[in-house]
């Protein structure tokens, strides 16, 4: 026998530890996404309860207002008359992201966080579309006249930033690997 019983035991323990860590990481990403969804839904409910629709309150003078609006479209109110289509896309995307988290091999830190943020944001807005037929937006940046947005939108943008960081750091790692192989 090429391996002793103790060597096999050590290998099995190592593999089980790695598998448990991977399972725990998956669960953490799902929980992180759930927290984003919860924060998004609670914030929308709270602002809507306090202000109602089409009312505005200044939060930070000359910078930030809470202005509650119905957004029947996607980002920046694109596809405004496509609620059913956007609802289906949100639900399918959310399901696919859950499958990616649960079934795909381990990913880099930034990629994993990006997927969790994307799931939280997509599901948060998808829940609004499914239950209400529109998304509640309320953050209004006053000086730049940017479209009104919500926490789910912020989460989706954080996901894009995470994916960008992942691509940049992956390229750097690839360059270092290639450089190290050329030196040898």
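For all residues, glycine too, the Cβ spot is worked out from N, Cα and C.
On a predicted model such as this, the values are computed, not experimentally measured, just so you know.
Per TrEMBL, these features apply:
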type     : residues : note
ACT_SITE : 137      : active site
ACT_SITE : 153      : active site
TRANSMEM : 29-53    : transmembrane segment
TRANSMEM : 73-102   : transmembrane segment
TRANSMEM : 109-127  : transmembrane segment
TRANSMEM : 147-169  : transmembrane segment
*Please work out the number of neighbouring Cβ atoms within 10 Å of the Cβ of residue 153 (active site), leaving out its own Cβ.*
22
*What same-chain residues, at least 6 away in sequence, bring their CB to under 8 Å of the CB of residue 137 (active site)?*
68, 69, 71, 147, 148, 149, 150, 153
*Contacting positions for the transmembrane segment (147-169) when only residues 6+ beyond its ends and CB under 8 Å are counted*: 36-37, 39-40, 43-44, 67, 69, 71, 75-77, 108, 110-111, 113-115, 117-118, 120-125, 128, 135-140
_According to DSSP, does residue 137 (active site) sit in a helix, a strand, or coil?_
strand
*Helix, strand or coil: which one is residue 153 (active site) in, per DSSP?*
helix
